[in-house]
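Colleague: When I checked Swiss-Prot for this same protein, it listed these features:
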type	residues	note
COMPBIAS	1-13	compositional bias 'Basic and acidic residues'
REGION	1-22	region 'Disordered'
BINDING	Gly75, Trp77, Asp94, Asp110, Asp134	S-adenosyl-L-methionine binding site
ACT_SITE	Lys174	active site, proton acceptor
Amino acid sequence: MSRSDKNPHERLKTAKKRTASSARWLSRQLNDPYVKKAKAEGWRSRAAFKLIELDEKFGLLKGAKRVVDLGIAPGGWSQVVRKKAPAAKIVGIDLLPTEPIEGVTIFEMDFMADEAPEALQSALDGPPDLVLSDMAANTVGHKQTDHLRTMGLVETAVDFAVQTLAPGGAFVAKVFAGGTDTELLAILKKNFTTVKHAKPPASRKDSSEWYVIAQGFKGRPD
C-alpha cells in the first residue's frame, strides 16, 4: 500500500504519535540540567560531561599525546580532550558533518569504510594512546536490536584499537545493555590489564547505555 492509500485516520494517529514524541524530547531537553550547563559552558553537547566524568574517575586524558575520537559529531568529546590535553594530537571521524574544532583533524566519512583506519592513522603520525568511541547505530526503539547494531560498531572500534594503540594505551566505548557483551569483554581482558564499566552521572537514567573502559594495553605480539 502506498503512503497516499493510507486511511486518513491512520495518518493522523501517526502524526499525533510523532508530535507527542517530539514534545517529550523537547520537554526533556529544556528541563535537562546538563543541556543547560553545556550551553552555558560552551560545550557542543551534553555528552561532553560524560567524558569529563569518566576522565575524573579513570584519568583517561592524563598525559594523552594522540587521541582518536570515533563518532566525533557534534564534537563535545574532542572539545573536552582539547581543553584537558591541549598538546595532544586529536583526530575524529563521523558520517555526520562536524563544525571545525581548532587543533582537531576531522574526517567526514564512514568509520566502517575500508580506508577509514588508514586515514586516521596517517593523520595521527604515530600510534594513539587513547581511542574513544561514542558511536551508536541509529536506534529503532527495540532494546535488543539497538544493542546488536551498536555492538557491531563497538567490535570494529575494538579491532581498530587493538591494531593501532601504543602499549599502555586505553580504549573507551559506549555500549547498550543487551546481554551479548561476553565476547567483547573477553577480547578486552585479553588485550588490556584492566577492564571496567561505568555509567557516568551525565548518562540519562532511562538510557540503557553504559561505557566500557579498558586501560593498560598490553601491545601486539611481535
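Heads up, the Cβ atoms here are built off N, Cα and C, so glycines get one too.
Walk me through where these features lie, including what they touch and how far apart they are.
Modeller: According to DSSP, Asp94 (S-adenosyl-L-methionine binding site) sits within a strand segment. In sequence order, Gly71, Ile72, Ala73, Ile106, Phe107, Glu108, Phe111 are the residues near Asp94 (S-adenosyl-L-methionine binding site), counting only same-chain partners six or more apart with C-beta under 8 A.
Secondary structure from DSSP puts Lys174 (active site, proton acceptor) in a beta strand. Long-range Cβ neighbours of Lys174 (active site, proton acceptor) (same chain, at least 6 residues apart, Cβ-Cβ under 8 Å): Ser133, Asp134, Met135, Ala136, Thr150, Val154, Glu209, Trp210, Tyr211.
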Colleague: Please list residues from the chain of Trp77 (S-adenosyl-L-methionine binding site) whose Cβ is under 8 angstroms from its Cβ, counting only those at least six apart in sequence.
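Modeller: Listed in sequence order: Ala47, Ala48, Leu51, Asp69, Leu132, Asp134.
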Colleague: Which residues in the same chain, at least 6 apart in sequence, have a Cβ under 8 Å from the Cβ of Gly75 (S-adenosyl-L-methionine binding site)?
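Modeller: Spatial neighbours, sequence-distant, of Gly75 (S-adenosyl-L-methionine binding site): Arg44, Ser45, Gly92, Thr98, Glu99, Ile101, Val104, Ile106.
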Colleague: Return the residue, from the listed binding-site residues Asp110, Asp134, with the maximum count of other C-beta atoms within 10 angstroms of its C-beta.
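Modeller: Within the set of binding-site residues, the most crowded position is Asp134.
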